[in-house]
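Reviewing the structure listed below.
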Amino acid sequence: MTDPTPALSARRPSRRLGRQGLVQLLLLALLLALPVAADLTGHPYYVTLASRLTLIAMAAVGLNLALGYGGMISFGHAAYFGLGGYVAGIGAFHAFDMTPFLGGIPGSDNLLVLWPIAMLACGLLALAIGAVSLRTSGVYFIMITLAFAQMVYYFANSWPTYGGQDGLPIYLRNQLPGLDTQEPLTFFLICFVGLVLAMALTSRLMGSRFGAALTMARLNDTRLATAGISPTPIRLVAFVISAMITGLAGALYADLNGFVSPSMLSWHLSGELMVIVILGGVGRLYGPLVGAALFIGMETLLGGLTEYWQLFLGLTLLGVVLFARQGVMGWLAGREPHA
Amino acid sequence: MKQIARLGAGLLLAAGIATAHAEEDVRIGMITTLSGGGSHLGVDVRDAFLLAIEQSGREDIEVLVQDDARKPDLARSLANEFLQRDRVDIMTGIIWSNLAMAVVPSVVRQGTFYLSPNAGPSDLAGRMCHQNYFNVAYQNDNLHGAMGAWMREQGYQNPIILAPNYPAGTDALAGFKHLFEGEVAGELYTQLGQTDYAAEIAQIRASDADSLFFFLPGGMGISFMKQWAGSGVELPVFGAAFSFDEVLIKAVGEAAVGARNTSLWAHDLDNATNHAFVESFREAYGRTPTLYAAQGFDTANLILAALESAHPDDQDAFREALREADFDSVRGEFRFGPNHHPIQDVYVREVVMGEDGEPTNRLLGIAVEEIQDIYYPDCKM
Amino acid sequence: MSATLLLEQLINGLQLGTMLFLMASGLTLVFGVMGLINLAHGAFYMVGAYLTAAVTAASGSFLLGLAAGLSGAAAVGAVVELVVIRRLYHRPHLDQVLATFALILIFSEGTRWLFGSSPLWLNTPEWLAGHVPLPGGARYPLYRLVIIGVGIAVAVGLWWLITRTRLGMRVRAGESDREMIGALGIDISRLYTAVFALGAGLAGLAGALVGALQSVQVGMGEPVLILAFVVIVIGGIGSIKGALLGAVLVGVVDTLGRVFLPLAFRAVLPPAEATDVGAALASMLIYILMAVILAFKPRGLFAAHD
Amino acid sequence: MPEAVLALEGLHKRFGALAATDDVSLTLRPGEIHALIGPNGAGKSTLIAQIAGSLRPDAGRVLLGGVDVTGESVAARARRGLGRSFQVSSLAEPLPAIRNVMIAVQALAGHSFRFWKPVARDPRLVEPAMAALERMGLGHRAATPVAELSHGERRALEVACALALRPRVLLLDEPMAGLGPEGSAHLTELLERLKAEVPILLIEHDMEAVFRLAERISVLVAGRIIAHGDGDTIRRDPQVRDAYLGD
């Protein structure tokens, strides 16, 4: 995995590079090894839990591109997560019912068909939302993205064809040719590959000319405009790519759960994705993974201990924001050289 | 390396290890809503369920309880935890239809029994019914339909009806109209989670309706009733027990008095099982049970009764025993239809001011005898 | 559709608007003066309602409860400011979002721990339970008119506070130039605590007043919070005038949309579908309004500053 | 007389009752430095904003190389060859110096929607950026984050960023501000050499530098240009002495 910051930063002590690289490698290895071990020892529950963690992390990787690298604080990424989920759900619904979608399009349970559609749909939605929202900035941007997500949420809630608030079940996991997606470990590996690809894409993207422009748009958009590059198209494209990654994660998440409902579109979920990104470390490649691991870990562990677990979750989050400024990834791996 | 050690420790902690349990023991997994809005329903189901298990004196039953925080994906994950890690024999506890739809189909398909202590979405009674799924509470339409029938009998001709715009809401109004069989003065839909009903109340006032039927569960019902009382509109009010449980009407106060509601149970229902239940629940928890508690209590007793004749590992025998429903229900007669949903009497209650100055429900009589849902013909079991 | 019903619905919209204004004014002040985005503002609304319910039940006096709700929420606000919020002023918006999101969880579950899961009882007091006749024959609940009155009184009070008092001068200085109040030798941290407590108190007042009309339960602040955010964004963040206008706009549009959209669609669609489409669109209406306004005025109607 | 590379024609801008820019016309010809001076509050910043494109004039036109750019954005004007530096340095602080320059080179090298190839090892970006840095004497600081540069180095870096655009016009907003005498002298020398390549519109308080560098000087007071001419003309102008130099 290439580091998004330039090789030119020769000042960076090599020891620190080693530490960050080592921690990152270890994280990926653990994420891969634990579910495989759980599967071998007959604990499929942990495989499923790891899939859930992986997909939430992937959704947060998408958000991190907009929020961390692009400086666009989107409080509405649940819209893309949920839309991706609904694409998977609606495709499966029509494939199962043998009814056409919107009058003519046949349903499909082939993931190779559903994934591109999910990403396309999310990309288009983000294009529309981004084009309006990026006219604003600061708190206005936070709030207008929230407003758009709420619109989608209420729409899904009251649209009866696909279950409304009850949601839409996916009776059989959608299929990938040649693989048994029902098998927990197989499905986990699909998710894992998705996460790694999303992270690799982010890393590659941020090292490219586009990434350089996006970084400048975040740090100093006047400088970018003065150089002759309009910040808004750069941001908009980043916002769209970000939404597509989150949407793909949502499509997989719906398949994992066998279920999609408006709760995947709720503002709580947008908030949780933000929390995960911040918890892990904003604008850090591995931040979303660490954040998701912590969040899911706390939800699982505390939830079993006390019915007031959300109180302790809140206290923990508060502690992190007040005392661990760089996110947990910063604590583990040191300061990002040019964050 | 210090950081790596920290990380490793954290993940080890996260792993946790399932404890083994003896072969003949019975393990029940309960996923219910214990935190956030609407958690009093889950709390009552849990408390009554545990009370019944405790009263049975059986040491070989282990009940695991988890909070779903009313999130479908969390409920789904907890269900996996119960199925794959704890290997429970029976699951129960879900309050909300949308969570039930997320969890139940996959649980029963994987060969585990699920007994619903509250939610009864129509799909699970009809085309998605399953041999391992038993609903011990009601099908969602039961109480609304029963109120429709009763209001027709009472001579109301022109009710205006109101519900939130979501599947359970539209189902409720459809169920009401199905058994009311007449024309209604109007149908109003509110937003889910809406808190202010001034606009709807003004519309009701402006209509020529002779009565009001509404379905607004939980906090929505409280808000509506308070505002209704303040509005001075004088139509008689009807609803289902979901807006008039003992907890809710205490929060509404005097404003609830006079409202009539259908319920499958009443705390003053006259049978020995019920007397004992209400008394022991009050003693154990210091409050009057709601119908959710009654449903939780019945669910536990149904399981206990079935366990007398078979262990869940013997799936066919245990299923047969559940189907028999040979237990003393707090609501009197209880049996299952072909789709494993109850065929039961539905009662009418009226909210009255109790002797302690707090409103309470009083049984008026039976609204409809032996009501059955309308979805069972779709059920191919 | 009679003129009376339209008038009644307009008053309903106004009442929803004044309630939103009580929430939004604190939110917008806190943002305008301290640059803080506070997701936990709804918690003070809940605290106000719970304290009012508890004190009213214990003392039998609604006014006493109201006073407790208002002052209690302000006190809780001051404590939260001292313990948590003041560490966030110089942090990026992101940190503020995370910390105040955490506060939502803490307050919701803390309240449930203290008061239990069941909604609390709180009703309109007898002496406010009457009705006022409207032209055209309908009767309007007195209590709702009282809420409108309180909202207007608060708006006037805030206007007076900000334009005519020393505290207000400092607040305005804070809006235009945060460095300057420091230079004036004003104790900024006390000013900030005061402003935050004022905002929390107003939210508490809103919760207390509305608690008599709605369910007093955990999480009651969240739907209002989102509406209040819509209000201040429409009005222009930091502007009290904008908050007032935005609140009334949102209140009226939401109320009228809920009533008239389904009716309007009935003219062109079959009744069942009209209800579906109308209700769905009505629930999205204020967000559409907000998007349209921001598309043309990206900083709201009365932007004070960024 | 060669055609003006930059021309302002009758610019007006009002803020409420205040006329911040009042009928300003001005030209910049190839090979010259045209200085714009004026007391604080004269409306220099407002004027610069209108030239750069971050503020739209109420009336009047801005022409770059004979083309009317009045309706164009900052970025579009930059692409037409308008390079500028800022009064308060406007750089991406956490990034190494060279990254600030590279973004300008990147803009010149075509569109930025290239998602794959890493910039860090792209000689087409790195080499011109290094050249611009070295020209301003910053070659050895290429990898240093801006936050760690001295004030003088930052001012030089601003100019390097503008130069990397290979501009046709350079708009420098008080480049000497905050520099010591030595730094000023050094920068003055640099600009002297530069003007043959790029005409410069120089906004500056350092009168010594202005009189030494500028072929023509315009004096802006209260939004209006009250005097215009070469150094001697301006020094002798009674209005200027009265309004500006006198005190």
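These residue numbers are counts, starting from 1, taken along the chain as shown.
Including glycine, each Cβ sits where the backbone N, Cα and C put it.
Here is what TrEMBL records for this protein:
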- C:20-41: transmembrane segment (TRANSMEM)
- C:61-85: transmembrane segment (TRANSMEM)
- C:97-115: transmembrane segment (TRANSMEM)
- C:142-162: transmembrane segment (TRANSMEM)
- C:191-213: transmembrane segment (TRANSMEM)
- C:219-237: transmembrane segment (TRANSMEM)
- C:244-265: transmembrane segment (TRANSMEM)
- C:277-296: transmembrane segment (TRANSMEM)
Requested in this report: Check the transmembrane segment (C:219-237) against each of C:20-41, C:97-115, C:142-162, C:191-213, C:277-296 and return whichever range has the most CB pairs under 8 Å.
Outcome: C:20-41
Query - Cβ-Cβ under 8 Å with the transmembrane segment (C:97-115): same-chain residues at least 6 beyond its ends - result: 37-40, 42-43, 46-47, 50, 54, 80, 84, 88, 91, 218-219, 222
Query - Annotated stretches the transmembrane segment (C:20-41) and the transmembrane segment (C:244-265) touching (3 or more Cβ pairs under 8 Å) - result: yes
Report task. Flag the pair the transmembrane segment (C:142-162) / the transmembrane segment (C:191-213) as in contact if three or more Cβ pairs fall under 8 Å (sequence separation 6 or more). Result -> yes
Query - Spatial neighbours of the transmembrane segment (C:61-85) far in sequence, C-beta under 8 Å, 6+ residues away - result: 36, 38, 40, 44-45, 47-55, 99, 103, 122, 124-125, 128, 192-193, 196-201, 203-205, 207-209, 211-212
